[in-house]
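Colleague: Here's a structure for you.
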Amino acid sequence: MARLLRALRGLPLLQAPGRLARGCAGSGSKDTGSLTKSKRSLSEADWQKKLTPEQFYVTREKGTEAPFSGMYLNNKETGMYHCVCCDSPLFSSEKKYCSGTGWPSFSEAYGSKGSDESHTGILRRLDTSLGCPRMEVVCKQCEAHLGHVFPDGPKPTGQRFCINSVALKFKPSKP
């Protein structure tokens, strides 16, 4: 636990504009100025029409799919994982690995340059909903809840992005 807290202290936190996060996994903090207005301005009713009930629960209400239930957990195809809500590219299959946790795991987000995630499709937000701090991962374009990132992944990044399959859309590489 102490190792996790030390790792979280070193990560940049993003501040919030406006509305509070709903559901059990959010701290209510949001980033400023990095979200595309057209993607995040959909109403709750519009998201419910666009998404399946499970996709809506996970991405818009900050839920979590059951471990070992996701369609991409054992996917070994080469390609890119996109946001199911807005189609933003998020993770490459090149950085996917088996963590044994029951969710697809990635060592870094697509577009990362070392520790610089400014060119990725994700944002990190502190999540204290379960009584201990952890880092939530959301889509930069539409604020979809994707999962969490933990400091116990493989080298060289040491990160484990633990992502809900239902929040992703896989696009295989063209041969």
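Glycine is no exception: its Cβ is also placed from the backbone N, Cα and C atoms.
Sharing the features that Swiss-Prot gives for it:
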| type | residues | note |
| --- | --- | --- |
| TRANSIT | 1-42 | transit peptide |
| REGION | 22-46 | region 'Disordered' |
| DOMAIN | 44-173 | domain 'MsrB' |
| BINDING | Cys83, Cys86, Cys139, Cys142 | Zn(2+) binding site |
Colleague: Measure from the Cβ of Cys83 (Zn(2+) binding site) and count the other Cβ atoms within 10 Å, all protein chains considered.
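Modeller: Summing over all protein chains shown, Cys83 (Zn(2+) binding site) has 25 other Cβ atoms within 10 Å.
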Colleague: Is it possible to list how many residues within the domain 'MsrB' (44-173) are helical, extended or coil according to DSSP?
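Modeller: DSSP classes over the domain 'MsrB' (44-173) add up to 22 helix, 42 strand, 66 coil.
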Colleague: What's the most sparsely packed of the binding-site residues Cys139, Cys142, counting other C-beta atoms within 10 A?
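Modeller: Output over binding-site residues Cys139, Cys142: least Cβ neighbours within 10 Å is Cys142.
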